[in-house]
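What follows is a single structure, written as structure tokens, with notes after it.
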Amino acid sequence: MLRQEIYVAQTMEGEQQNQQLVETANTVEVPAETLEPLTMDEVIEKHIGSFGWSQFLHVFLVSLAWIFDSQSTLVTIFSDAEPSSWKSSAVNGGNHDNIASVCGLKPGSWEWVGGHKISTIAQWNLVCERKFLAAIPASLFFLGSLLGSAVFGQLADTRLGRKKTVLVSCVLTSATFFFTSLSPNIWIYSLLRCANGFARSGIGIACLVLSTEVVGRKWRGQVGQYGFFLFTVGFISLPLIAYPTRNNWRTLHRILAIFPMFYSLFLLPFISESPRWLLVRGKNKESIAVLKRFAKLNGKELPTNLTLADVTSNTEAETYGNLWTTKWAAKRLIIVMIAGFGIGFVYYGVQLNVENLNFSIYFTVAVNAIMEIPAVLIGTILLSFTSRRFLFSISAFLAGVSCFLCIIFSKGSRGPQAMTSKEPRGSWPQLSIEALGFMAASTAYDILYIYCVELFPTNVRNFAMSFMRQALMLGASVSPLLVALGRLSPSLSFIIFGALSIFSGFVSFWLPETKDAPLFETLKQQGEEEKRRRLPADDSALELGNETKITSPSM
């Protein structure tokens, strides 16, 4: 009897212990978000902040490099400018003051006012039958940019990452600036300008991606505009640097070589690598370390047991060939490149065309540079509530219409001696309309960069950007030839500028909208997420911004 009572008591005690263990297990809860891996968007939005002090400082330091990109691109406006006037040579005698053109005059019987070092045209006498040689350096510069975009775009996604790509590009930009100042003839000068275009091409691509990959989705458009604002600063700085050095184009190049080297040595070390790129390269610890630094400067703290969604398996399985074999991605990229060709042609062509106006080149460039400021401000404001597709297309249309209106007010020299003619080649109404058209083209140019960032996932984003930039540079490389033609027929150049701009606006209708859409990490993830939303197969109906919540990192 006693043994039975002891057995019953032990049994009841064991049951009570088991019940307590079950109750304890049911009451201990671990926050779900610290157990489930989080996507990069979720970490930024929930634990770091969409755009805090740390992101502002990061974006500002990164965007400073856009200044050198602008200076490299537009320095030829001054270094390759046609001198404003010439005079009879006192050594050889003769009075040619009543002659409108130097073509046909004997060599040595005339000279440029200001000397032969004021520009490459004066240095190597690129006038009359040699006038089209003056377009070669600018065209080769953009061809170099085209090649560089392909190389740096791939390096930024694979071996180097975003930060090191900016470093290499800035150092090479500084070196090519300096060596260009030593050019002995037009052919070496053209090759070095090509090298400079190759070197600077990594700046814009990597800087834009490096800036936008650390902010929340609602800030990507505005942050992208910050880079273009610094590009405008570089544009405005050129007349200020070029005017004191107006008597020697080589000095201008040597001064411009200083800035990117200073930036590489003293400012770039304070910039962090993109946590998204580190994640897709399998460097999870380094990615979390970067995120912790951003959170700390924002006065926040990441969860101690934070884990990031693993995307390395998808990344390793994907190559750049998948960008072209994936139907939706290839279609998007082709459309972006077509639009980019037209906008690049107009954006750079209008800037280089300022020498065909009858105004001081320093004044005209300053006007165009100032017009970029409202373009950036308007773009920044409109991007917060307007769709990317609409804003890009309407800007391209306005730029095209402005070019057509310029035909009405254009007054230009025509004929084989137009380049050195003293006849007025512009008017105030034309300058005003061209400035407005340039502002619209600048807005479209800026929006296209941001649009392309949002259209493709992290593991191929720079690669896609490089193709878009190649299309821009291809258009830009052709524009100097049209500018040279514009010296003979201004109306024809404006017609081509206007037609290409409007065409670029039309093709953008086949692109999806991306406003407030998440940034995906891999092609597979983005493709599966878009299929999950059961959108029409026609990519023109794809509206990524309609739903912004990511339900699973593996979708």
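Cβ from N, Cα, C; glycine included.
The compositional bias 'Basic and acidic residues' annotation in TrEMBL covers 526-537.
Taken from TrEMBL, the feature domain 'Major facilitator superfamily (MFS) profile' covers 58-516.
According to TrEMBL, the region 'Disordered' annotation covers 525-555.
What TrEMBL lists as transmembrane segment is 48-68 (among others).
Panel annotation: around the transmembrane segment (132-153), residues 73, 76, 80, 82, 120-121, 124, 126, 165, 168-169, 186, 189-191, 193-202, 205-206, 348, 352, 462-467, 469-470, 473-474, 476-481, 483-484 of the same chain, lying at least six beyond its termini, place a Cβ under 8 Å from a Cβ of the stretch. Residues or ranges marked as transmembrane segment by TrEMBL: 132-153 (among others).
Summarising the annotation, TrEMBL assigns transmembrane segment to 165-192 (among others). Long-range contacts of the transmembrane segment (165-192) within its own chain (CB-CB distance under 8 A, at least 6 residues past either end) are made by residues 62, 65, 68, 72, 120, 124, 126, 133, 136-137, 140, 152, 155-156, 198-203, 205-207, 210, 250-251, 253-254, 256-261, 263-264, 268, 271, 462.
Nonlocal intrachain contacts for the transmembrane segment (198-216), taken as residues 6+ away from its ends with a CB within less than 8 angstroms of a stretch CB, comprise 41, 44-45, 49-51, 55, 58-59, 62-63, 65-66, 68-69, 72-73, 144-149, 151-153, 155-156, 162-163, 165-166, 168-170, 172-173, 175-176, 223-224, 226-227, 231, 271-272, 274-277, 294, 449-450, 453, 458, 461-462, 465-466, 469, 473, 519. The transmembrane segment annotation in TrEMBL covers 198-216 (among others).
Beyond its flanks by at least six residues, the transmembrane segment (228-245) meets 63-71, 74-75, 77-78, 204, 251-252, 255-256, 362, 365-366, 368-370, 372-373, 375-376, 379, 442, 445-446, 449 of its own chain at Cβ-Cβ distances under 8 Å. Residues annotated as transmembrane segment in TrEMBL: 228-245 (among others).
As annotated by TrEMBL, transmembrane segment applies to 251-271 (among others).
The feature transmembrane segment is assigned by TrEMBL to 333-350 (among others).
Annotation source TrEMBL lists transmembrane segment at 362-383 (among others).
The transmembrane segment annotation in TrEMBL covers 390-410 (among others).
As annotated by TrEMBL, transmembrane segment applies to 430-451 (among others).
Taken from TrEMBL, the feature transmembrane segment covers 471-488 (among others).
For the transmembrane segment (494-511), the residues of the chain that approach it from at least six positions outside its boundaries are 331-332, 335-336, 338-343, 345-346, 349-350, 389, 392-397, 399-404, 406-407, 410, 441, 444, 451, 455, 475, 482, 486, 539-540, judged by C-beta separation under 8 angstroms. The transmembrane segment annotation in TrEMBL covers 494-511 (among others).
Tertiary proximity for the transmembrane segment (362-383) is limited to same-chain residues at least six positions away from its ends with a CB under 8 Å from its CB atoms, namely 74, 77-78, 221-222, 225, 228-229, 231-232, 235-236, 238-239, 242-243, 350-351, 354, 391, 431, 435-436, 438-440, 442-443, 446-447, 450, 515. The transmembrane segment (251-271) makes contact with the transmembrane segment (48-68): 3 or more of their CB pairs lie within 8 A, with pairs spaced 6 or more apart in sequence.
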